[in-house]
Amino acid sequence: FEEDVLLIIQEREVCLKGFCRIKCLFGGVRILGYNLNQHSEKFVDFYSPESNSLLTLSCDFPADNAEARNKLSNIYSKYRLDSHYEDGPHCGDVVIVLLRKLTSCSCDYISTIPPYTKLFSPYSGERNKHSYSELSAVGVHYVPKYSKVRRLKISEDYTFIEEKWHSALNSGVCPAVVVCGSKNTGKSTMNRFLLNSTLNRKEGLYYLECDVGQTEFSPPGCISLNYLQNPVLGKIPLCIITYYFGAVTPAGNPDYYIQCVQKCVEAYRATGAKLPLIVNTMGWNKGLGLDLLVDTLRMVQPTLVIQLNCQKRHLNFPPLTSYNIMKEEGWIQKSKSSGIDWSPSSVEHQHDLITIEAPVNPQQLDVSPLGLRPVDHRNLTILSYFSRDFHSGRTLTSAIPYVVNWSEVAIYVHNQSVPQSQILYAINMSVVALCVADLKKAHRAANDQPWQFTSLPVCHCLGFEDAEDFICIHDNDNDRLFILTAAQAHAKEGQNQ
């Protein structure tokens, strides 16, 4: 392995850019809520791109005693640190971290595509200016304190929320927390902090993604339930179930959106709800957006609601107290076509509300440090998702496609009205979601033609669950579809859309 030792002396925080694997040898570090200490034997994957605030290692210095001094001396000898630091071990003010090079064809591939070419690269003029310049050999770059970059800062509010959440974790009842706030108020950071902090105490947890516009782990346009056992410092968790919504806002089909959320909540309940649940929500704070949030809160019945407010008061949600949620009419009550009924017992639920001020003004974050817009972040999520199983040298043209007869599939083009005669042109050379749907509501013009739906059924998306990308090409002469995917053939047996 290509490894390097990061010796941190008298520094409370160290900021890094890049990606590697990290393990603590002496003392401890805290990274976005996750604790790494010298007693942990495992490496964790560490990704710190400039698409967001760079991650920092917050140091936890050990006690200065004979046992610690002996351990530190052994580490100095093993990794030949004595020649670099002649005055010997500094037990009470030193943390030692082992960094290992992480091979990622996905990151290498994404870094070749504008505007993502500088996601992990060092800043110009920073090379070899400091004692940490050797770290570039393992894929990370030290960011000096004087560099004008956006670093991730964990405020005292986060510490307070963590204490409340840990209290809920220890209550004997499996808790759920819902994070709410308008866009760019820090929901993503708060979610990841809570995920990592929970994994300090629990062996796993569930994460429900309800923000179809800025998803965390799945491609945009999806509502999903994920299971996590590892800290969220870059590694994508296991997806339990995904429903393909097909748009970055629920405005066009709120009934379908809330039905997908309900299916994911039911999937969580089906696990026995023995592990905590963290829920991400949209930043749409008025009208339909508020109605859908009210319904989501009623479905989840959280223990804790975290409301992130900003300086622009008109962008904030009204106080999301239990009383306000109970008296507010959600979309389900207003709509006559959602297909979901509420009984009074399902609405009356008490939760704790914590309201904090977002650390930044959301209008200052419309563009990231690299000039990335929301659409660029969505594209980055898609690229990361599709390329995570890339192997060096592999291309789409090297993959062997599956061949499927037209008559064996059903096709639906979301958000567009496409004539029967044009439906195959619409999917030709397109990325598609492969789903399982009930064909009772499907129809077709002839037995040798694909099935079609007049409206999109709520269907389990197999394709995204298997974490693969799918490209459809139609063969008009032989009535066949060619589907490029790395998924196994048995995963296709149940899909029909």
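Glycine is treated like the rest: Cβ placed from N, Cα and C.
Computed from a predicted structure; not experimentally measured.
Feature list (source: TrEMBL):
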type	residues	note
DOMAIN	3-129	domain 'NOL9 N-terminal'
DOMAIN	181-310	domain 'Clp1 P-loop'
Secondary structure content of the domain 'NOL9 N-terminal' (3-129), with strand meaning DSSP E or B: 22 helix, 47 strand, 58 coil
If you average per-residue pLDDT over the domain 'Clp1 P-loop' (181-310), what number do you get? 93
Give me the DSSP three-state residue breakdown of the domain 'Clp1 P-loop' (181-310), ordered helix, strand, coil. 46 helix, 30 strand, 54 coil
